[in-house]
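Participant: Here you go, one structure.
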Amino acid sequence: MANFKHCISSSWKWASSYIRFSKAAIFISGLIFSKSFIENAFKAFLIFYIIDSLENLSIGVAIVYTVAADGIQQFLVILIHHLAIDRHGDFRVIILTIPCLIFGLLILWLSSLLRSQQTRNQMLYIALPVILVGLAGKEVSLEGFLRQHFVEETIVVDESKSERQQEEDYNDIVDGRASLWSTGAGFLGQFICWTFTSSLRWQQRIMVSFIEVAAAYALFICGKRFFLRIPPTRRTAVSRLKEAGGLVKLIPLWLLFIPYCLVEVAGFSIFILQSDRLDTEINPRISLHSFNQVPVSSLYVFEQFISFLVSMSTKYLIRKLWSSEEAMQRGARYWRIGVGMAVGFGSLSSAWLVERRRSDLIKKNPNNDEVIRMTILWLAPQFGLLGIANGLISKGLTDFFYDRVPESKRYFVVLFNQSLTVIGSFLSGLAVLLGPDWLGDTIDKRQLDRYLLMLAILNVAVLPLYIFLSLRFDWNIPDEVDGRDIEIEEVDGSDVEILIEEVDGRDVEIL
């Protein structure tokens, strides 16, 4: 009878907490929906907006503006992540940064109503940095804040596994519950944006985005009484930097991921530009215009969907095939990144072949306003391969970091991942400025095929070096206790802490 009452009590507590968490998730999901919506409606195609808004701007300068904006956003992600974790908390960061996004979109919308081109340009330079702050705040805090609401002590895992595997299983359950809401809201935002805004002019897109983000923010404010607010750690930036000193060991291997970041940057800049003058019609015999078009935004949604499927299926297969062999799981995650690099090379190779064919057709038809006889579906392979590479590497980089650092240093995963994107963005801009012979004044005159071929060769060249360094050296970073290193090794299915202390010039293990 006592066990029955305990079971009923536990079930009631779980049901009550799940209902409360679901209410919180509903209000947070509105902002996640708006994040995906504005990514598809505006941010992913920022380069087209800059070209359309700033008259007499060369394509090379437009690429520099676009990649610089992305680099600045990722740098802001690093700063805001510190503020969210150590100073103000996720809730306050969301409250303070989303109004920046709303205000920036409002400025862009109002500027589109003006006749003066000079005034519109000035307002764009004001609005864009403010929008980047809002987008960075969303990227940092939304999914982490949602995840907090699904962390609970009643989750049961298999106690026969090692402590690390129990922790991974627990995190998988929490992440699965949170991703059910975040992924659903995200794909709904992308689908609705792709369906209803693809044919809208920029003025209408920005107006709809402004209204949608403002409504989602108002909904979030209404649900604040359901939210959990974890207090910040109050750690200073100086103490964090001192703690990050041990991560220097990872820098040689970390640098090898920069070429792939150049592929990601090409995906939202050069890949998008390649759609210019391509035929978007599916079949001339289809009379309805809206059902006879393949906008470039559909390729972006296709890439994101492929990335999600590959990321989730790869994670599931690694855990399923080597459920009780932790070392094999680590090895599989290491090979996962290598395969992703190879697929990234395939994406660039496909883009190079497309650009060569596209350039030949443009030379035969130099009229800048006329569509060439080449369907936009030629871009589908490179976007699909980029989605596969992203699904393998983006999540793989997080696992790469977690596998090699102690839990006390996992805070730095955002610094580790986002700094790669920052460097990749600014290197791409620098390459555009230093390669004027490759990049003409218009997309039709430039020799993008040479630039894409260079990126492809660079990506395939670092792959053997990545394999060699990963196999040849130990990249694990031990924890520290009272100034001594501590390593965790699995012995008979349980984790054992081993202190490493230097005695007479030699490292001695102390259980």
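Sequential numbering from 1, following the chain as shown.
Backbone N, Cα and C atoms are what each Cβ position is placed from, and that goes for glycine too.
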Participant: State the residue range annotated as transmembrane segment by TrEMBL; the candidates are 19-39, 40-60, 292-312, 334-354.
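Facilitator: Per TrEMBL, the stretch marked transmembrane segment is 334-354.
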Participant: Count the CB pairs under 8 A between the transmembrane segment (413-439) and each of 91-110, 206-227, 247-273, 334-354, 451-469, then give me the winner.
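Facilitator: Comparing 91-110, 206-227, 247-273, 334-354, 451-469 against the transmembrane segment (413-439), the winner is 247-273.
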Participant: By Cβ distance under 8 Å, which residues at least 6 away from the ends of the transmembrane segment (247-273) in the same chain are close to it?
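Facilitator: Hits for the transmembrane segment (247-273): 44-48, 59, 63, 66-67, 70, 296, 303, 337, 340-341, 344, 347-348, 351, 379, 382-383, 386, 389-390, 393, 397, 401, 404-405, 409, 412, 416, 420-421, 423-425, 427-428, 443, 448, 451-452, 455, 458-459, 461-462, 465-466, 469-470, 475, 477.
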